[in-house]
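Straight from TrEMBL, the features:
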- C61, D63, H117, C120: Zn(2+) binding site (BINDING)
- 9-18: compositional bias 'Polar residues' (COMPBIAS)
- 1-21: region 'Disordered' (REGION)
Amino acid sequence: MSAPAFEPTPNQSQSNPNLGPALSSLLSRNEAFSSNIAKDKPDLLAAISKGQAPKVFWIGCADSRMPEGTICQTDPGEIFTVRNIANQWNENDDSANAALTFAIEALGVEEVVVVGHTSCGGVSAAIDAALAGASAGTPTTALQRYLVPLAQLAGELIKNGTVAADAPKAEFARKLTTANVLKQVENLRNSEVIQRNWKTGESTLVKGRMCNKVRLHG
Ligand SMILES: [Zn+2]
C-alpha cells in the first residue's frame, strides 16, 4: 500500500470543463486541504508520507453523513476504515475481511469498532424486507442480497419479542440498529482473524511483526 500523496495539483479543479459542480467543488477543497496540511502540519505530513500506523479499525456505514474522519475530528493516518451498507462485517465478505486482516496483522491496530447510526437507510430497508416476508420474493439485486442478514436479524427481533411487528418504525429502527452493531461484534469475535489474534497477540510475531491483541467495541 503506497503512501498518500498530498502534494497539491494546482488549478486541477478549473482545468477540466467536463467536471460538474460537485466534482469541481471537491477538487477545489482537496487542493485547499493539500496546501493547508503542508503548511499547518508539516510533521504529520512527513510522518504519514513514510507509512501508516493507525490504532483504530472502523467498521461504519457508507452513509455520506457518517464520515469517521470528520465526526471524530481525526488527522490522516488515525483510522483504518471499512464502510458499507449498514456497517456489516461477516467472514465471507472478502473485502471487509481482507481489510481487517491487513489492519491487524500488517498495521497492528489495537481497537476494532463497529459504528451504527440513526436514520440508516440500510436498517430501514431491512425492516421493510422483514415485514414483507416471503411476499418480497427472492432477492435479485446486490443491495437486496447484501441486506439479507440484516433483514433476518430484524425478523429475529420480532420472533423473540424484542420488537412488535406493528411497532413504530423509528422504534424498530432504533432496536435493529443496536442489535445490528452487537451482531457484527459477535461476527468479529468469531472470525478467524480475531481468534488468531487473541491466541497469538501481544507477544507473538505474526508474519514478521509484533501483533497487538485487539479489543472489540460496538
Ligand atoms: Zn446507514
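Cβ atoms are placed via backbone N, Cα and C, with glycine included.
Keep in mind the model is a prediction, meaning the values are calculated, not measured.
Long-range C-beta contacts of H117 (Zn(2+) binding site), restricted to its own chain and to partners at least six residues apart, with a cutoff below 8 Å, comprise G60, C61, D63, R65, M66, N87, T177. The binding-site residues under consideration are C61, D63, C120. Their Cβ neighbour counts within 10 Å are lowest for D63. A coil conformation is recorded for C120 (Zn(2+) binding site) in the three-state DSSP classification, outside any helix or strand.
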